[in-house]
Amino acid sequence: MNQKFSSSVLRDARRVVVKVGSSLVTNDGRGLDEQAIGEWCRQLAHLIRDGREVIMVSSGAIAEGMKRLGWATRPKAVQELQAAAAVGQMGLAQMYETKLRANDLGSAQVLLTHADLADRERYLNARSTLLTLLKLGVVPVINENDTVVNDEIKFGDNDTLGALVANLVEADALVILTDQKGLFTADPRKDPAATFVSEAKAGDPALELMAGGAGSSIGRGGMLTKILAAKRAAGSGASTVIAWGREPDALIRLTQGDAIGTLLIAQTQKNQARKQWMADHLQMRGAVVVDAGAAAKVRDEGKSLLPIGMLQVEGEFSRGDVIAVRDETGLEVARGLANYASAEARLLCRKPSAEFERLLGYAAEPEMVHRDNLVLTR
Ligand SMILES: Nc1ncnc2c1ncn2[C@@H]1O[C@H](COP(=O)(O)OP(=O)(O)O)[C@@H](O)[C@H]1O
Ligand SMILES: N[C@@H](CCC(=O)OP(=O)(O)O)C(=O)O
């Protein structure tokens, strides 16, 4: 019998973000590890057959680019790193596409920057693209868009990107695969007395003191960025596990609850976390007044708000801004992220989605506020 984690968060996880680091993907800088990538893709297919949705966040572009360009040492100049990433990303995407296809899975390349996810409109766009890909059963393969980032806005490490993606799609779990078994009380490459940490609370400050920088010349972030990623992922209710990427059947076993790796458990529930996030971070920009039917659907049935139930639009807002949903008596029912800017929303009041294309000139979401982006006001 395999040792199990005390919590069932990984077993229960329906939507999982898997992040693999440069040191693993490129076998410590020796070019893409075809066999390892093939193995993870086989396991991803297993998870999907099991009814889960998966998103891959994969590093490796710079290391693969360096190999393709014949560079033995990592360049210092940021434009050379960016050039290497652009060269290497071709190979990375090609490898995932081949290996996922061998497992009857479609794949999609998504390149993101931190700035993309900080911008409300791009955030919503990235979110709807990813959720649509998941609905289509396609595996998104994400990396940082190294071409357009500079020092200030660079993630610098893909652990942070993994966490931001987990926040974006409200994943249940973030799996960080690396070249160590998980978190130790100190860097095991430097301290032979370090002991293994099997489970902890995500966000516990004691963990940050244990984690050091990268142990290899290829990896960038080290353990600290993984611990911070777990804290960030926990912000939207996702638990994180850090595990050794070459452990046989690691992904399959983790989702069966096997205690391989370090499990960092989120302390807030997904719904609670979203509510808190909306309350803390977002300023309201406007409101829509809805009829009694729409108010009841949103409040009592947890449904999305559709434009057909909207009577009036107040204020000026953009797509991605937070708006209030009020009933005819002026009472706030909920607040959430607007899919349409105020000018468009005015055109859509009382209209069924079949008419949106004629009214706007393009066909977009049928909802004014999707229920995933809606928080009820108590
Ligand atoms: N407390 C710790 N426990 C485990 N590994 C640690 C710790 N502190 C630092 N490390 C180092 O972090 C490295 C993993 O990070 P990194 O090289 O950035 O990998 P990746 O490319 O997978 O992101 C390990 O090889 C290890 O040397
Ligand atoms: N986006 C870059 C690398 C980011 C990176 O090295 O991240 P990590 O694997 O977390 O150390 C790449 O694909 O090479």
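Just so it is clear, glycine is given a Cβ too, placed from its N, Cα and C backbone atoms.
Nobody curates TrEMBL annotations by hand; they come from automatic prediction.
TrEMBL lists T178, D179 as ATP-binding residues, and of the candidates K19, K297, K303 the one it assigns to that same site is K19. Of the listed candidates (S58, S59, S239), TrEMBL assigns S59 to the same substrate site as D146, N158.
When the binding-site residues K19, D146, N158, T178, D179 are checked against ligand 1, T178, D179 have a Cβ within less than 6 Å of one of its atoms. Maximum C-alpha to C-alpha distance over the listed ATP-binding residues K19, T178, D179 is 12 Å. For D146 (substrate binding site), the nearest of the binding-site residues K19, T178, D179 in terms of C-alpha separation is K19. Under the three-state DSSP scheme, S59 (substrate binding site) falls in the coil class. Within 10 Å of its Cβ, the residue among the binding-site residues D146, D179 with the fewest other Cβ atoms is D179.
Not one of the binding-site residues listed as K19, T178, D179 brings a Cβ under 6 Å of any atom of ligand 2.
The Cβ neighbour count for T178 (ATP binding site), using a 10 Å radius and every protein chain shown, is 27.
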